[in-house]
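Listed in TrEMBL:
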DOMAIN    B:93-308  domain 'ABC transmembrane type-1'
TRANSMEM  B:33-51  transmembrane segment
TRANSMEM  B:92-118  transmembrane segment
TRANSMEM  B:139-169  transmembrane segment
TRANSMEM  B:189-213  transmembrane segment
TRANSMEM  B:234-255  transmembrane segment
TRANSMEM  B:287-308  transmembrane segment
Amino acid sequence: MVEDRSFGGRLFAAVNFTLLAIIALITVLPFIHVVAGSFTTSAELAASKFVLIPKVWSFEAYKFIFSTNTIFRAMGVSVGVTLVGTFVSMFLTALMAYGLSRRDLDGRKVVNFMVVFTMLFHGGMIPTFLVVKELGLIDTYASLIIPSAISAFNMIILKNFFQNIPEGLEESAKIDGCNDFGILFKIVLPLSMPAIATISLFYAVTYWNTYMTAILYLDDSAKWPIQVLLRQIVVLASGMDHSSTLDAAVPPPDQTIKMAVIVVATLPILMVYPFLQKHFAKGAMLGSMKG
Amino acid sequence: MQEVTIPPSPVQPALDASKSKQEVKRRIWRNRWLYVMIAPGLLYFIIFKYLPMYGLIISFQDYKPYHGILGSDWVGMKHFTRLFTEPDFLNILMNTLILFGLNIFIYFPIPIILALMLNELRGNFFKRIFQSLLYIPHFMSWVIVVSISFVMVTMDGGIINDLLVFFGFEKINFLLNPSWFRPMYIIQVIWREAGWGTIIYLASIAAIDPGLYEAARMDGAGRLRQIWHITIPAIRGVIITLFILKIGSVLDLGFEHVYLLLNSMNREVAEIIDTYVYTAGLRQGQFSYSTAIGFFKSIIGLIMVMAVNKIAKKLGEEGVY
């Protein structure tokens with residue numbers, strides 16, 4: 001578009017830029033505040049109020065939270081669930097999406113409808129809980145993965161992506177003696193890397209952020225993922241009383257310690273973010289196409 | 001004995017039918033590996049999505065875990081009647097609708113405005129930087145979002161209260177004061193989702209024919225007029241589609257977020273259907289009653305989506321399905 005060089009045009013551009021810059025700043029400042037706060041001492045945090053770069057550096061908070069193995073264990077659970085969960089979900093989603101992407105498959109419409117319908121109507125929390133319980137999944141790590149193994153939304157995005165791959169490729173592979181598994185793994189998946197990367201990211205973020213399924217299905221605190229631990233340390237200790245759970249004898253942790261736990265729980269996502277960022281914008285657009 | 005007249009058999013069509021039946025059989029056999037691929041996924045949906053739908057029948061029973069669905073006593077509409085006569089529930093329904101209202105009237109327009117602003121930005125460099133920064137919160141869990149705001153608003157050493165004191169105001173107990181629950185809720189929603197919400201609008205703005213802007217400029221239209229007469233009409237369809245989806249989630253505000261903000265002081269305004277289902281169902285063991293509540297919620301959601309979709313189609317828009 002040609003630049004509008006009139007006074008009005010320039011004023012508009014300047015105001016627009018400034019507003020957006022302020023909004024972007026507001027978006028990141030809270031997190032920068034927390035990161036900076038986690039790397040300083042409680043005394044310094046109390047004295048200097050808002051720090052963007054700590055004047056006094058200190059790793060005390062991190063030393064403290066890693067002095068017991070509670071955080072390590074929770075991190076381990078989260079990493080494990082994220083890796084295994086993403087793989088399982090991706091595998092099941094890709095298989096189903098590919099099957100349903102083939103137009104000559106009898107019955108695909110019925111299955112498609114069954115999937116879409118679950119997005120419009122569902123049994124709800126209690127009946128789902130009862131199914132999970134009947135299957136004996138309560139208090140197992142599997143309960144964090146299996147009950148949410150496939151997202152209907154992700155499956156439909158991937159199915160649409162597969163449908164856009166020219167059918168000729170598949171036909172010729174078939175003539176060369178490939179069966180459907182061969183076509184999927186040797187031809188379709190390698191051609192779909194942007195979509196696979198995007199949806200893997202979506203799944204990975206969901207698993208890393210697992211909270212609700214954990215409080216629903218895990219009674220044993222030794223199995224808690226990091227998000228549930230974060231709630232115990234920060235949310236419940238901030239003058240909230242969800243009754244039970246938190247031991248009243250333990251004094252509420254320092255601000256710096258709470259901040260350090262927040263950073264630890266966020267870090268993995270922030271590390272993947274730059275790598276996958278270019279993919280997910282594209283992926284979200286794929287998702288916006290009609291199923 | 002009367003002669004039985006056999007009607008002339010339609011030989012040709014029958015042959016065709018059996019032929020096409022064979023054809024279908026052959027096609028199914030040829031695609032057998034595809035069925036193998038779909039099977040695990042289908043099984044997943046049947047077990048974890050459709051079995052719970054079957055489980056909804058416990059809302060017509062006094063479900064006892066020991067007796068199971070088949071062995072529990074039927075009580076008809078008892079739990080649904082209770083729903084509409086209990087003042088507790090009406091309060092919870094109101095809370096849910098108020099948060100939904102905040103979502104529709106305050107949150108919903110913000111990504112649209114942000115997208116329009118981002119689109120007017122000259123130079124891709126800053127556009128990309130601002131976008132990247134605005135997307136980040138979406139990837140943080142509600143626990144992280146709520147935790148960050150809690151360390152900021154806490155009474156002892158939270159930055160917000162320190163600032164209030166610095167500017168000569170009184171400290172505010174944001175966490176326990178019921179009147180701060182709704183503002184905190186919607187600010188957190190905006191902070192986490194507004195940036196991410198722009199993606200879909202930006203995508204549809206990108207698809208607009210640049211010639212339209214060219215022509216508008218020829219006619220002397222300024223920036224604001226171009227936005228009003230070209231950009232907004234062009235993304236109207238997307239706005240309506242997203243609006244329908246939002247309406248459909250009327251009672252579905254997300255359990256996690258509200259549950260994290262909920263405490264005994266703000267329960268009066270903060271308890272919503274989802275959190276109530278959890279507390280009444282899993283904490284207090286009222287399986288049937290809370291299933292009835294969940295059932296009510298799902299049905300309202302389904303009706304709302306279908307209704308709004310129909311209205312959108314009547315207005316000449318595409319609708320969601």
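Note: Cβ is positioned from N, Cα and C throughout, glycine not excepted.
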Stretch-level contact, the transmembrane segment (B:234-255) and the transmembrane segment (B:92-118), CB cutoff 8 A, at least 3 pairs: yes
Residues of the parent chain within Cβ reach of the transmembrane segment (B:287-308), under 8 Å, 6 or more residues beyond its termini: 55-56, 58-63, 65, 75, 79-80, 82-83, 89, 243-245, 247-252, 273-274, 276-278, 280-281, 320
Contacting positions for the transmembrane segment (B:139-169) when only residues 6+ beyond its ends and CB under 8 Å are counted: 175, 184, 187-188, 191-192, 254, 256-257, 260-261
Intrachain residues whose Cβ lies under 8 Å of the transmembrane segment (B:189-213), provided they are six or more past its termini: 102-103, 106-107, 110-112, 114-116, 118-119, 131, 133-138, 140, 142, 145, 226, 230-231, 234-235, 237-239, 242, 257
